[in-house]
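Here the structure comes first, spelled out in structure tokens, and everything after it is commentary.
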Amino acid sequence: CGRLRLDLTLRQPPTITKQSVKDYIVDPRDNIIIECEAKGNPVPTFSWRRNGKFFNIGKDLRVTMQKRSGTLEIGFRNGGRPEDYEGEYQCFAGNDHGMAMSNKILLRVSKAPLWPKEVLEPVVVTEGSSLVLPCNPPPGLPPPFTFWMSSLMIPIRQDKRVSMGLNGDLYFSNVMAQDAQNDYSCNARFLFTHTIQQKNPFTLKVLTSRKVAESTPTFLSPLGSESSKMVLRDEQLLLECIAAGLPTPAIKWFKKGGDLPGHKVKFENYNKTMKIINVSEEDAGEYVCMANNHLGSIRHSIFVQVRAAPYWLDKPTNLVLAPEENGRLVCRANGNPKPTIQWLVNSIPIDSSLPDPSRQLMGDTIIFRSVQMGSSAVYQCNASNQHGYLLANAFVSVIDMRPRMLGPKNQLIKVIENNRTFLDCPFFGSPIPELRWFKNGQGSGLDGGQYRVYVNGTLEIKRAKAVDEGTYTCVASSILGMAENQVRLEVKGQTPRIVFAPEHQSAVRGSTARFNCKVKFDPSLPVTVTWIKDDKPIYLGRRKDDESLTITNINEADEGTYTCTVKTEIDQDSASARLTVLDRPDPPMDLELSDPAARSVRLTWIPGNDHRSPVTEFLVQFEEDRWEPGRWQDLATYPGDLNSVILQLAPFVNYQFRVIAINAVGQSAASVPSPKYQTSSAAPDVIPRGLRGWGSEKDNMEITWEKNGPNLHYSVWWRRKDSDGEWNNVTTTGTKHVVHNTETYVPYEIKIQARNELGAGPESNLVIGYSGEDKPTSAPTDLHILKVDSTKGNIHWKPVNQDSVRGEFKEYRLYYWRKASHVPGLVFSKENKTKGFYTTMAQPSAILSDLVPFSRYKMYMVVANNHYEGPPSNSVEFSTKEGVPDAPSFFRIKRRGFDSIHLEWGKPLEPNGLLIGYQLKYQAANGSREGRPHLETFLPNVTEFTLRLPDRSTRYNFYLSALTAVGAGEVILEESPFFANEAYIDQVDIATQGWFIGLMCAIALIILILLIVCFIKRSRGGKYPVRDKKDLPLDSVDHKDPDGSFDYHSDEDNKPLQGSQTSLEGNVKESDDSLVDYGEGGDGQFNEDGSFIGQYTVKKDKDETEGNESSEATSPVNAIYSLA
């Protein structure tokens, strides 16, 4: 608003703000609009010149000027031709303080002339020679875009041999027979009219010959050995070399005396065109193109000159001065050739304008000294050379105005700590005011240190800190007065930053991808986190939260770049990651068979889309109609970069092939099968596999092999090895032959050959086979064992003679079994076990392991070949030493009471010696920490133990092991039951509640009163006869609890009194006034009110029980003590 008010009151010369381009081509079908807009105060008025003369708009009804603008609109609704308005236009905007003018605008109407009619004779050329089909498009405005097509609008295929030049001609480096056709047509597309005009087609006839002569390279364009090219600075340079020759020459480019500008050079049209963008003076020089084939090479030099239309070095800018002030306008430009500078004032050459004593012209600079009111004007600088011109308007405004603030009042600025901060204070005044900044209205001006004040009034704080918060005041002052404004600064502690950015991902189609975007920000600033995909908002179908984006069931549409943006009112941060969707490849296509041979064929295919996961291999499968028709089988795999392979096949088979592509995701579907291909029959070329000789009986040898084709016969030869005798031979159609009446286990040389009606295949290499085996005749001797411990021992024996094995030596086989155990009464298995030892040493030995300790064993040994065992050796008995026992057979823990745990265990199944007892270690367990260990030992006949718990809420780990004289055996671990602790803890929690304690006290008081009443009634001979209690016999034997405590009560104490009833569960329920509730016989169960009566049981000591012969009830005094 401040700036608007200033513009309304400030006198200002006109300034051009918008104008049409210098070279202005218009569409003749539309109205012509020539733009010219300007600003100034007062509002400028506009006028035009056409072709250097005043253009009277009022006299031409087709021309109108827009309101508050100089823009012209020329309409042709009522007739007229656009061509009549072609010419050079220039706009002028003026007010009381000067005149500004636009560039000269050259207006031309677009043209799309028709192709001249011509009759084209057929072009006849010999195969292998070069050819140029000319295009010569009509000269349109702007020039048309040319291309070659057939009469069916199918583009002419271009490649290294056939291509279009920059001039539109079609070049053939060498003509081939397939180039012959009757519709080579050049087309011209005109941009403004969007029309395509087609030239009459060429008919090309090619004269073919049996042998086409090769030729060395020659240039079709440009001609000769050198040429020249001129290009303007900042435009693009296009250099072209098209060569003829057979084979087709290759084109290479280089610059003489330097390197090609790699960062801005590009090769097009199969290397025939070199393009350099944004040409500069250093791109001038000699460029060489070289065409070569194997017959030779040729070069062409292009000398490039770089010229330049004028370009600004120092463009003049508007100048506002106060009376008596000094200033200058500078207009510096460069070009090639160097431009001339011309100054104008209010569109009049400065030499022809009124003289101004405060103005001095010095070449490209105008100096103003002690300017006066009324000296305002618009100055134009024109820099021109033969390649173009530059025009700039700059006004000099002489005014006097007191300082004014142009920015908003009392602005609040929020910044991030440690950031570079700018506080703006736009102002105006003439003369230019002096500006100073103050903080919180105190101290001297801010400048220096971490502060810097710019000429436009902006205050820079190099690194904003919390101490920099406050109110900043800018004050502009001059001789005419002063003005001020305030800016309040708040410094925030943390900028929003992405601390864990999303990462690039590759995901398989149908899977889930998750992009993380963890942000950090100042909590006092509201923050928003948004996601976009490929610069577009993300809608439903993806789960978003503040720190992640999840994409489920991924498909190809989900591929793209995902950006996470965190934004506050003062700053933002963003990070991007790309999602690549992988999928199985598409099946290969267009299977073709070529290069047929008797036993091979070439298979070629086109790979399908690999879906961004490269194909690693191709699997070729076949189906044949001879052995397994209808079943597809794998033939071979090939690397993923091949698409043409030679397949090795079997003869006389009708094949069909298909191909499967494989990438990291998986296999493609199978391709469409290839055409069928039948191989011809031939003599075998493969040796039968699996040839071997072995004996099934002691006097024979079976020769076997694998079948390797249909209708084959097999010739088999054999003879005794190292005999040099005649070969025995047989021919058969099967895959087995048996040789009878052989000696036992002797070697034979064997070979085989396959043959059919077309001939014999190759012979196999010699294979050594053996006749059948027989039972060994000798037994190992002197079998004995040494160094026997609890589980192993070293065995030794004397070997047999190898000839006595009568076959292939396989092993020495030891038979051993557990005969007895030294543990009395132990039940065990006497299963026979075997163990083989392969050794050919003269003094063999081995280790026999996995024996049971404290046992008696028996063993013997035989020698074995592949089929038989020999006679047994001498038998040996031995005993193993005592060992440590196995773990106890079971270990159980159960809760016996609330202050004890009962443990039970069983004896080890294998004591491995004489048990001397058991060892129990236990310790308190608190999570992962364990307390101090305690140790208990027991005699071997003890298999249970009751442990009193010092702390009822603590859990324990128990480690139990059995003992022999050798030591402790395997440990078994158990934990104290968890549920019992929980129940107890719950009880403790209830018992510690205030309301529960109060309830128990009330119940105790009532029971006390009842006891006193009962005592009084008994003293008076009430309803309880003394005889009922007196006649109860005392048990003479003390009853001992499993935990070691003694209970001196008789079983009769737990019987119900007369008149009591049995509960539904079968438990005895004493009468309400019975004192049995207060004895030890209670089970500690809960009553209906939740109280735990068992906690108030009375413990009577032994002396009291034995010394009290009275038949009276328990004294109420003792009952009171028990409740205390």
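Every residue gets a Cβ built from N, Cα and C, even glycine.
Curation plays no part in TrEMBL annotations; they are all automatic predictions.
According to TrEMBL, the compositional bias 'Basic and acidic residues' annotation covers 1031-1055.
Look at TrEMBL and you will find 14-107 (among others) tagged as domain 'Ig-like'.
If you look up TrEMBL, you'll see 116-203 (among others) marked as domain 'Ig-like'. The average pLDDT computed over the domain 'Ig-like' (116-203) stands at 90.
Marked as domain 'Ig-like' by TrEMBL: 217-305 (among others).
Positions annotated as domain 'Ig-like' by TrEMBL: 310-397 (among others).
Taken from TrEMBL, the feature domain 'Ig-like' covers 408-490 (among others).
Using DSSP to sort the residues of the domain 'Ig-like' (496-580) gives these counts of helix, strand and coil: 3 helix, 48 strand, 34 coil. The domain 'Ig-like' annotation in TrEMBL covers 496-580 (among others).
Residue counts for the domain 'Fibronectin type-III' (587-682) under DSSP, helix first, then strand, then coil, are 0 helix, 45 strand, 51 coil. What TrEMBL records for 587-682 (among others) is domain 'Fibronectin type-III'.
The annotation domain 'Fibronectin type-III' is assigned in TrEMBL to 687-774 (among others).
What TrEMBL lists as domain 'Fibronectin type-III' is 779-883 (among others).
For 887-983 (among others), the entry in TrEMBL reads domain 'Fibronectin type-III'.
Residues or ranges marked as region 'Disordered' by TrEMBL: 1031-1124.
Feature annotation from TrEMBL assigns transmembrane segment to 995-1016.
By number of Cβ pairs under 8 Å, the domain 'Ig-like' (14-107) is matched best by 310-397 from the list 217-305, 310-397, 496-580, 587-682, 887-983. Against the domain 'Ig-like' (496-580), stretch 587-682 has more CB pairs under 8 A than any other of 217-305, 310-397, 587-682, 687-774, 887-983.
Summarised by DSSP class, the composition of the domain 'Fibronectin type-III' (687-774) is 0 helix, 45 strand, 43 coil. Sorting each residue of the domain 'Ig-like' (408-490) by its DSSP state yields 3 helix, 46 strand, 34 coil.
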